[in-house]
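Inspection log for the structure reproduced underneath, given as structure tokens.
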Amino acid sequence: MSQNVYPVKKGNEYELKIERLAFGGQGVARIDNYVIFVKRALPGDHVKARIVKRKKDFAEAFVTEILQPSPYRIDPPCKYFSWCGGCTWQNMKYEDQLYFKREIVRDTLTRIGGFNEVEVHAVLPSPEYFAYRNKMEFSFSDRRWLLPEELNQAHISKEFALGLHVPGTFDKILHIETCLLQSETANQILNFISDYARKNNLQPYGIRSHQGYLRFLVIRESAFNGELMVNLVTGLDEPERLKPLASALSKTFPQVVSVVNNVNTRLAQIAQGEKEHLLYGRSYIQDRIGPFIFKISANSFFQTNTRQAEKLYEKAIEFAGLDSNSVVWDLYSGTGTISLFLARHSKKVIGFETAVSAVQDARQNASEHGVQNAEFVEGDLLKTMPTVGERPDVVVTDPPRSGMHEKVVRMIKDIAPQTIVYISCNPTTLARDLKILSDRYRIEKVQPVDMFPQTYHIETVVQLKRR
Ligand SMILES: C[S@@+](CC[C@H](N)C(=O)[O-])C[C@H]1O[C@@H](n2cnc3c(N)ncnc32)[C@H](O)[C@@H]1O
């Protein structure tokens, strides 16, 4: 499309009818077949929207006025919904979110993979669709994003915020008092720390200025026994300043069994420190998936929706169709949680993982649970897969959002296991990888699992059989 035939112009407003939802959560509208992604819009909405970005193949817009609301629209229960980057679909009933997640998986498999005939099962719903997260990461900032109703309130300081990002801004933070994705206790802790920091002059870190002390607050809560961990991430290595806060937290909230201080003096805005100080209690909490109890430290990876993780893993086991003679490769094995489940049903599991600390955790998890038939190979799959001689009957693969490297997909094809179970958190890369496998593998089952209610994210488990 040449420059002068774009049907829209940046900054202008257009009347649009939303046709469907895209993976990414936005509504999709079209003018003369030119696609416009509209934030926070739902299928059936008739809206006025302003174009904020215009590219060769598509534009992005936000709603300025709803002319006719979609029948799917509900009032979002959270007052921050219109601004917060955490949730995308709180303006839709949970049943409708599940319907659209299935549509997105089906549509992506057809559009990108060319799989027109594949049946996609109804999405497995999450047992909880609010307060389901066992971990939330909040940012401190010296630049607070004000809600419209806060704009004229002189008593609100713009120089302190503890909350979540507003999409499109990198340094301003929406101050949050209640996040519906975490528990009531976790919200009380959030407010306790925010009040304490202001009263005791613990300065928030400036994302722009790189000055200040408090950078992140990470709250982790066990779904198994309610234990809580508070991780305060600071820009300076001065843990003594936090000791009184740790003590006050432990006295006010008996469920807090761990308070740690991660120190991140680097510019990168990440909640992982180069150093950790234990301020109160122990350095981990315990949570359980199925029969396994895991120790989770501040920087360990753990599935954020504990109860639904169990359902996801059960589905993976069912699709793997194992028996006591099966050799299984668990690719992208992380801390080995799936490997432990697989090991109970097979002769041997070999996990492959590049992160050194995750491999250490996996080995420790296996040994603590007395699992003797799981071993872990450390390194990039491209290098490690060819070095393992024991060939698998079943390959389980759970790659990051970017999917598998094309060479890894081709190696799996050459190894030719009877069954492949692909666990994916991104339908787009899933469809791409399945297409490469399709001449040698038949898709038998596609089961989406909802790990993240109120967001567009969807996990999908696919069973493939060798042709
Ligand atoms: C989605 S996580 C899988 C987590 C794990 N299966 C679980 O359920 O806990 C993806 C994992 O792949 C690992 N990874 C990414 N690229 C890799 C590569 N090239 N080779 C091996 N592992 C890799 C990451 O370190 C991460 O632990």
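Glycine is treated like the rest: Cβ placed from N, Cα and C.
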If I go by TrEMBL, which of Y280, Y332, Y422 binds S-adenosyl-L-methionine at the same site as Q303, E353, D398?
Y332
Residues within 8 Å of the Q303, Y332, E353, D398 Cβ centre (excluding the S-adenosyl-L-methionine site residues themselves):
F301, D330, S333, G334, T335, T337, I338, P399, I423
State the Cα to Cα distance, in Å, between D398 (S-adenosyl-L-methionine binding site) and C425 (active site, nucleophile), rounded to an integer.
8
C-alpha spacing of C425 (active site, nucleophile) relative to Y332 (S-adenosyl-L-methionine binding site), in angstrom:
13
Over the domain 'TRAM' (7-65), what does the predicted model average in pLDDT?
95
A 10 Å Cβ contact count, applied to the binding-site residues E353, D398: which residue has the minimum?
D398
Under 8 Å by Cβ from Q303 (S-adenosyl-L-methionine binding site), counting only residues of that chain that are 6 or more apart:
I289, A309, L312, T337, M451
